[in-house]
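Before any comments, here is the structure.
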There are 4 protein chains.
Amino acid sequence: MPHWKFKLHEVIYEADTPAGKIFDIALLIVIFISVILVMMESVTSLLNKYAWEFYIAEWVITAIFSVEYVLRIIAINKPKRYIFSFYGIVDLLSTLPSYIGFIFGGANLLFAIRALRLLRVFRVLKVTRYIGESRKLISALRNSKAKILVFLFAVFIICIIAGTLMHLVEGKGGGFDNIPLSIYWCIVTLTTVGFGDIAPVTPLGRLIASIIMITGYGIIAVPTGIVSAEYSKATDKPIRNTQVCPNCNEGKHLDNAKFCHKCGFLLND
Amino acid sequence: MPHWKFKLHEVIYEADTPAGKIFDIALLIVIFISVILVMMESVTSLLNKYAWEFYIAEWVITAIFSVEYVLRIIAINKPKRYIFSFYGIVDLLSTLPSYIGFIFGGANLLFAIRALRLLRVFRVLKVTRYIGESRKLISALRNSKAKILVFLFAVFIICIIAGTLMHLVEGKGGGFDNIPLSIYWCIVTLTTVGFGDIAPVTPLGRLIASIIMITGYGIIAVPTGIVSAEYSKATDKPIRNTQVCPNCNEGKHLDNAKFCHKCGFLLND
Amino acid sequence: MPHWKFKLHEVIYEADTPAGKIFDIALLIVIFISVILVMMESVTSLLNKYAWEFYIAEWVITAIFSVEYVLRIIAINKPKRYIFSFYGIVDLLSTLPSYIGFIFGGANLLFAIRALRLLRVFRVLKVTRYIGESRKLISALRNSKAKILVFLFAVFIICIIAGTLMHLVEGKGGGFDNIPLSIYWCIVTLTTVGFGDIAPVTPLGRLIASIIMITGYGIIAVPTGIVSAEYSKATDKPIRNTQVCPNCNEGKHLDNAKFCHKCGFLLND
Amino acid sequence: MPHWKFKLHEVIYEADTPAGKIFDIALLIVIFISVILVMMESVTSLLNKYAWEFYIAEWVITAIFSVEYVLRIIAINKPKRYIFSFYGIVDLLSTLPSYIGFIFGGANLLFAIRALRLLRVFRVLKVTRYIGESRKLISALRNSKAKILVFLFAVFIICIIAGTLMHLVEGKGGGFDNIPLSIYWCIVTLTTVGFGDIAPVTPLGRLIASIIMITGYGIIAVPTGIVSAEYSKATDKPIRNTQVCPNCNEGKHLDNAKFCHKCGFLLND
C-alpha cells in the first residue's frame with residue numbers, strides 16, 4: 001500500500017487529523033446544500049423561476065459526489081467492503097440518478113429518484129460520534145429496541161381489534177368506511193396524534209374512542225419506562241479513537257489499538 | 001392416555017419440539033391471512049370485485065380452524081379446561097359465525113359476527129412468550145395496573161367536572177351541546193389527542209381549555225413515573241419451559257418440573 | 001355523647017364496620033345516579049321526552065342528599081368542623097340548588113346551579129383511601145407539585161413569547177388575529193394537543209410552529225422525570241385505620257390509636 | 001463607592017433585604033401589567049374602544065421602565081457589565097420602542113417593536129431563584145441539554161427523509177405539495193401534535209403515516225429517559241445567598257462569601 005493511499009485514507013475515512021476534519025466538515029456542508037436544493041426544487045414556483053440555476057447546481061453537486069465516490073474506492077485496499085456497505089450504496093444512489101436522468105430524460109420520475117440523494121443526510125448522524133453524550137443514548141436505545149418493538153407490536157394488535165370495533169359501530173358512509181381506514185384512525189388516536197380528518201360521530205363510537213384515548217394515555221408510559229431504566233444502566237464511555245482500518249474499513253477500534261482487530265492490518269496513527 | 005395423544009398434545013399445545021414450533025408458526029400464518037381477509041372484505045370495491053374468491057377463502061380458513069378446534073379438544077384429557085378458557089372461547093367464536101351465516105344467510109349482520117375472527121389475533125401475542133425481553137415488561141405492567149387504573153379513574157372524574165364547566169361556558173348550539181359531548185371533548189383534550197372536530201370558540205372557553213391542556217401535559221407524567229419505577233424493580237428472568245400439562249392444560253411450569261404442579265400428571269419432555 | 005350518636009357517627013363517617021361500608025357504597029351509587037341524571041338532563045332530546053321522570057328523580061335525590069346532610073351534622077360533636085370543610089360545602093351546594101329552583105323558578109340558570117351537584121363526584125375519590133396503591137401515588141404527586149408548577153409556569157411564559165411572535169409573523173386576518181388567541185394556539189401546540197382549528201399558513205409561521213412543536217416534544221420529559229424520581233423515593237405504607245374522630249372529624253389516625261391525636265377524644269373501635 | 005450607591009444597589013439588584021424584596025415584587029407587577037396591556041392592544045375591538053387609555057398607560061409604563069433602567073446603570077460600578085448583559089439589552093429594548101414610535105410614528109411596525117416589551121416577562125423567571133425546588137430542575141435540564149439536542153437533531157433528520165417520502169407518495173395537488181411542507185407535516189405528526197390541516201389521503205400515504213406515528217410514540221420516551229436519569233442524579237441544594245457584587249454584577253456567591261469571587265470587591269451583608 002503506497003504512502004499517498006495511506007494519506008488519502010486518513011483524510012477521507014478518519015477524523016483525527018486536521019485534514020480529515022476539514023474534509024468531513026466540507027462534505028457535510030455540500031450534503032446540506034444538496035439537501036436544501038432538493039427541497040427547493042420541489043416547490044413549483046421556485047423551480048419555474050430558477051430552472052437554469054437548479055440545473056447547474058445539480059451537476060456541480062453530482063460532480064463533487066462522483067469524485068468523492070471514486071476517491072473512496074481508490075483509498076481503500078478492499079473496495080468491496082465500502083461499495084456494499086450501507087453508506088457505499090447511499091453514496092452510489094446519490095450520484096447515479098443525475099446520470100440516468102441525463103441519458104433517459106423524464107422529469108417526474110427523475111425527481112423521485114433524485115430525492116434519493118436526501119438519504120445522504122444520514123451521513124450527518126456520523127458527527128454524533130464526536131459527541132460523547134450520544135454514546136450513552138445510542139447504547140440505551142440499542143438495549144431497549146427489542147422491548148419497544150414488542151410493545152409497539154402489542155399496540156398494533158390493539159389497533160386492529162379497536163379499529164374493527166369502530167368500523168362495526170360507526171358503520172359505512174363516514175370516515176370508518178372500511179377496516180384498514182378504521183385501523184389507521186385507531187393508530188392516529190392511540191398515539192395521541194389526532195388529526196381530526198376522521199372522527200367518530202355516533203354516541204357509542206365516541207364512548208369507544210374515549211376508552212381508546214384513555215388507554216393510549218395510560219400505555220404511553222411503557223416505552224418511557226423501558227428507556228429510562230436502560231438509560232440509567234448504560235455506560236457513557238465515549239469512543240475517542242476515530243481511526244478506520246485502511247484495509248477492511250472496520251471503524252470501531254479500542255483507544256490504544258495499533259493493529260486492526262479484524263484483519264490485523266497496521267493502523268497508522 | 002395413549003401415545004398418539006401425547007404426541008398430538010406436544011405438537012398442538014407446546015413449542016419445544018420442532019413439530020410443535022412448525023405447528024405454531026403455520027397457525028400464526030393462517031391467522032394473519034384470515035385477519036387480512038376480514039380487513040379486505042370490509043373494503044366495498046374489493047368485495048364487489050373478488051366476491052367469489054373471498055367466499056372460497058372464507059370456507060378454507062373456516063375448515064382449517066374447525067379441524068384445529070377439534071384436534072385441540074381431542075389432544076387434552078380434560079377438554080373443558082380448554083373449551084372454557086379465553087382462547088377456547090375465541091377459537092369457537094372464530095369458526096362458528098361462518099356456519100351460522102351459511103344456515104341463516106344475512107350479509108350485513110354476518111360480517112359483524114365474522115369480524116369476531118379478528119380476536120384470534122390475540123393468539124399472536126403468545127409468541128412474545130419466547131422473547132425473553134417481554135417477560136420483564138409484562139411483570140412491570142401487571143404490578144402497575146392497579147395504580148394506573150386509579151390514576152385513569154381520577155382523570156375521568158376531572159373530565160366530568162371540566163366537561164360540565166365547558167358545557168356551561170360554551171353553551172348550547174356549538175360542539176358542547178350537552179354534557180356527555182363535553183366530557184368526550186375533555187377526554188380528547190386531556191389525553192392530548194385533540195381531534196379538532198369540537199373546539200371552544202368563546203374567550204372564556206378557550207381559557208378553561210388552556211388550563212385543561214396544561215393540566216393534561218403536567219399529569220401525563222404520572223403513569224410514566226409508575227411504570228418506570230415498577231420496571232426498574234421487575235426481574236427479567238424468562239420462563240424457558242414451554243411445556244403444557246396434557247391433563248389440565250396448565251402452562252406455567254418451573255424449568256426443571258417433571259410433574260404438573262397443579263394436577264400431578266407426568267409431563268413428557 | 002349518647003350511644004346512638006356514636007353508632008351513627010361510625011356508620012356515616014367511618015368504613016371499618018359492615019354498616020359503615022354499606023352506607024359508603026350506597027352513597028356512592030346515589031352519587032353516580034345523580035351525576036348520570038345531570039348529564040342526561042343536558043341532552044335536549046332526552047329532556048323533552050322524559051321531563052316528568054327527571055323532575056321526580058331530581059326531588060328523590062335531593063331528599064336523599066338533604067337527609068344525609070342533616071344526619072352528618074347531627075352525628076358529630078362539633079358540626080362546624082364538617083359544615084366548613086371542603087366536603088361539607090360541596091354537600092350543601094348539591095342540595096341547595098333544587099330548593100332555590102323550586103322557589104325562584106328559571107330553568108336555564110337553574111341548570112347551571114344544579115350542575116354543582118356534579119362536584120359530589122369528588123367524594124368518589126375517597127374510595128381510593130382503601131386502595132393501598134394510591135397512597136404512594138398521592139405522596140409522589142404531593143412532593144412533585146411545587147416543581148411541576150414551576151415548570152408549567154415556565155411553559156406558560158414560553159407560550160406568551162412564542163404566541164406574540166406567531167401573531168407578528170402570521171398577521172391579522174387569520175387564526176392569529178390577536179395575541180391572546182395566538183397564546184391559546186401556542187398552548188394547544190406546545191402541549192401536543194393540536195386541535196387544528198387554528199393553524200399557521202405562512203412559510204415562516206410554519207417554521208416557527210415546527211420549532212415550538214419540537215420544543216414541546218423535548219420538554220414534555222420534564223414533569224415525567226420529576227414524578228418518576230419522586231415516585232421511586234415515596235413510601236407506599238397504606239393507612240389502614242379508617243376511624244374518624246366523632247368529636248372533631250379528624251381522619252388520619254395511626255393504626256393503633258385509641259385517642260384522637262388532635263382533641264384527645266376516645267375513639268370507639 | 002458612596003453609601004447611597006451601596007444602598008441603591010442592594011435595593012435594585014438584591015433580594016435579601018425587605019426593601020429589595022418590595023422592589024422586586026413591585027417590578028414584577030409592573031411587568032405583568034405591561035404584558036397584559038400589549039396583549040389587550042392586539043385585540044382590535046379593545047384598541048378601538050380604549051385607544052386613549054392605552055396611550056396613557058403606555059407612557060406611564062415606559063416612564064417607569066426608563067427610570068428603572070437609569071437607576072440600574074447608576075447603582076453599579078461597572079455599568080457595561082449590566083448594559084451588555086442579557087437583561088440589560090432586554091430592558092433597553094422594552095423602553096426604546098415607545099420613544100422611537102413617538103419620533104417616527106407608524107402604527108403597524110410600531111406594534112411589532114413594542115411587542116419586544118414582552119421579553120421582559122423572562123425577568124419573572126428570576127423569581128424561581130427563591131424556590132428551592134427549581135434549582136434541581138434547572139441543574140437536571142442543563143445536564144441533559146446536549147443529549148436532548150442530539151436527539152432532536154436525529155428526529156429532524158428522520159422528518160426530512162419521511163417528509164420527502166410522503167411528498168413522493170401523496171404527490172402534488174394535496175397538502176404535500178412540496179418537500180418543505182411535507183417536512184412540516186412530519187414534524188406535526190412525529191411530535192404527536194397532529195393539527196389535521198394536512199392529512200394523507202392515499203392508502204400508501206396513510207400506511208407510511210401510521211409508521212411515522214408509531215415511531216413518534218416509541219421515541220417520545222427518549223428525552224424523558226434522559227431527564228429522569230439526570231434528575232435523579234442532580235443535587236437539590238438551593239443557593240440561599242442572593243447577594244450581587246456591586247462592582248461587577250456577579251450573582252452566584254457561596255453562602256458565606258464576604259468578597260466577590262470574581263473581582264475581590266467587598267460584599268455588603
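Backbone N, Cα and C atoms are what each Cβ position is placed from, and that goes for glycine too.
Within the model, the domain 'Ion transport' (B:21-236) carries an average pLDDT of 81. Under the heading domain 'Ion transport', TrEMBL lists B:21-236.
The transmembrane segment annotation in TrEMBL covers B:21-40 (among others).
Same-chain neighbours of the transmembrane segment (B:52-71): 8, 12, 27, 30, 33-34, 37, 40-41, 91-92, 94-95, 98-99, 114, 117, 120, counting only residues six or more beyond its ends whose CB sits under 8 Å from a CB of the stretch. Positions annotated as transmembrane segment by TrEMBL: B:52-71 (among others).
What TrEMBL records for B:83-113 (among others) is transmembrane segment.
Here the transmembrane segment (B:148-169) has Cβ contacts under 8 Å with residues 176, 178-187, 190, 200, 202, 204-205, 208-209, 212, 215, 219, 222-223, 226-227 of the same chain, all six or more residues outside its ends. Residues or ranges marked as transmembrane segment in TrEMBL: B:148-169 (among others).
Annotation source TrEMBL lists transmembrane segment at B:181-201 (among others). Only residues 6 or more beyond the boundaries of the transmembrane segment (B:181-201), in the same chain, are considered here, and those with a CB under 8 A from a CB of the stretch are 155-156, 158-160, 162-164, 166-167, 169-170, 174-175, 208-209, 212-213, 215-217, 220.
Feature annotation from TrEMBL assigns transmembrane segment to B:207-227 (among others).
With a cut-off of 8 Å between Cβ atoms, the residues of this chain six or more beyond the transmembrane segment (B:207-227) that come close are 140-141, 144, 147-148, 151-152, 155, 158, 162, 165-166, 169, 186, 189-192, 199-200.
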